[in-house]
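One structure below.
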Amino acid sequence: MSTAAADPAAAADAAVTRKERRRERKKERRRRARREAAEAARKAAEALAADPEEERRLRELEEAEADASERARRAFEDAERRWLEAAAARAAEKAAAAREESTAPEDSSREYKDDHGNGTEEDDEWEYVEDGPAEIIWEGNEITVKKKMVKVPKKAKENQPIQQDKAHCPFHLKTGACRFGVRCSRVHFYPDKSCTLLMRNMYSGPGLALEQDEGLECTDEEIEQSYEEFYEDVHTEFLKFGELVNFKVCRNGSLHLRGNVYVHYKSLDSALIAYSSMNGRYFAGKQITCEFVAVTRWKVAICGEYMRSRFKTCSRGIACNFIHCFRNPGGDYEWADWDNPPPRYWIRKMAALFGPSDDSIYGKPSDTPHLERSQSSDRRRPRSSDPRYTPSRTRDEDAHKQHSSRDYSHSKHERSSHTEHRRDRKESSASDKHRHREIKDKTSKYSSNMESERESHKYMREEKHRIDHGNGGKGDHGKVRSRKNRSERQESLEPGSSGRSSDFIDQDTTESPSGSKSTGRHHKKTRRQSLEEHSTRRSSRHRDMEDDGRGQSVAVKRKDHHDTSDDRWVATNSDVDSDLETQYQRSSSEGSKLGMKYHARSDSETGYGRSRSGTTKSRRERKRQSGNGERSDTLEVTSDSDTRDMSSDAWRSRSRSSDENLSTHRSRRKRSRSSHDS
């Protein structure tokens, strides 16, 4: 049993022994190979060292390296020497130039004293400046510039105590507030009374965020609307006490400027009244504390970079110690930010509120930079002479559409005269509309009859004339009519003939030309006489009614319209006469009954179309005149002779004659058809 246990242990020891022996053999082989390689390398090195050629080559390499290093050292030394020489030369030149510059003023002053004598006092009061552009002279490759100098008195330097005063705090003098407060090492000046009032931390609306994340809670429109409401309330209240020069609200994030309200009055009395009235009052749940500050120069109080960026930002951010103000609605008091006088429209507006001012505070020129003005800054203000100015944003927007921003106030007498004039025009226009309605009612019963009678009568007259010419001038019994009889019959059928008096018709008949004269000349003479008589009656009526005022002038216009309608009828008659002569020549050249019938039918259709177009034109003219009468300011009821001519009796007689002519025309047409069929 013990022998079996000892056999595995011996076998394990034998296995370990074999591995170790194999590992030892490998190590020995490696050591032998390394020793052999080292021995071979030593022998090769000894062989090379013993070779004379190899020794010579190594010596040559060492000598070449030594020569190269020597050349590099010599080149460096030469360059260093040259640089030192150049530096010494430059230093010598600079020293010489400095000596010349130091001696030049002494030489020039000595020469000037020799030329002008001992005028030291005059030299202190005068200086030499350039007069005009310099003269440039080209001489080959050289350019010579000559400047003309003139002697002028020296300008007095402006005293700037704010920058030169080291005792007083500059920020407190400029803005009336200092971030150090009572801990400031410089003097803070608090005046007993001043034209400028300061209300600290009065505005607490949006736009005063200390952290940038708080600005995300309100949009720019909400901030602008909130400040506009604050401006309307506070500015209106402070404007009650007197004229303002500037009104500013700070939007800085610093505690000493945050929400400060500055009110700069033009007069000291107004500032004192505002102080006594506003100090201790409550606004938005907080008590107002007013104090006087010596801030009168707003150009140095407001941040210039902030103003140039159009109320956007500056490089110092909200922690800037200069004023970052809200932009007033409508761009109010922007001129005061640059210490400039207000525009003329603002002066007129303040004069309307507080009366004209004799103070010359605005007598200095403007130095406002030309900045791009936004559209919203041009807000219009309504005209107002109320001593208690109460602005409203709604009224300003309405006034923006009606009035100019430079035209605000007129006197009370001028406005009252405009009001009375508008009232008179309204009353006259109402009375004139009533009169026009009465005229329209009186004349409406004739319009339909006139239109129908004119159309039917004109068509019948043209048909009658064409039939007469188509039959070669024959009458009812086949007799040939003379030109005189035909012209008389045409006169009896003209629409204007019924409106004439009996003596006028007799005169035309007695003065009618003989058969040898043409019908056109006879009609021209009668038309000329009728036109002269109508113009004489129209001018006489116009002179009688000329002095009756505005309503009478409109009545004359209506009567002239009736006269022009008569003239239009006369022009239509001349057209008919020309058509009759042309058609008579055409029918004579044809010579056949069929041709005459064809031409009569076509001409009748043409005449009917012309009469329809003339009737449509007259209807449009009457409609236009009636529309103009409704839009006119004044209308007067007048008795017109032309209206009396359109009475019912006249139209009844004309319709009776037209019926007789129509029956005659039908009988002739039947006879012509029967003769043609045969």
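For all residues, glycine too, the Cβ spot is worked out from N, Cα and C.
Not measured: the values here are computed from a predicted model.
Here is what Swiss-Prot says about this protein:
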type	residues	note
COMPBIAS	1-15	compositional bias 'Low complexity'
COMPBIAS	19-34	compositional bias 'Basic residues'
COMPBIAS	35-45	compositional bias 'Basic and acidic residues'
COMPBIAS	68-77	compositional bias 'Basic and acidic residues'
COMPBIAS	93-119	compositional bias 'Basic and acidic residues'
COMPBIAS	367-386	compositional bias 'Basic and acidic residues'
COMPBIAS	393-444	compositional bias 'Basic and acidic residues'
COMPBIAS	451-492	compositional bias 'Basic and acidic residues'
COMPBIAS	529-550	compositional bias 'Basic and acidic residues'
COMPBIAS	571-591	compositional bias 'Polar residues'
COMPBIAS	605-616	compositional bias 'Low complexity'
COMPBIAS	665-678	compositional bias 'Basic residues'
DOMAIN	195-295	domain 'RRM'
REGION	1-77	region 'Disordered'
REGION	93-128	region 'Disordered'
REGION	358-678	region 'Disordered'
ZN_FING	163-191	zinc finger
ZN_FING	297-327	zinc finger
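Broken down by DSSP into helix, strand and coil, the region 'Disordered' (1-77) contains 74 helix, 0 strand, 3 coil.
Note on the domain 'RRM' (195-295): mean pLDDT across this stretch is 89.
Same-chain neighbours of the compositional bias 'Basic and acidic residues' (68-77): none, counting only residues six or more beyond its ends whose CB sits under 8 Å from a CB of the stretch.
Break the zinc finger (297-327) down by DSSP state and the numbers are 12 helix, 3 strand, 16 coil.
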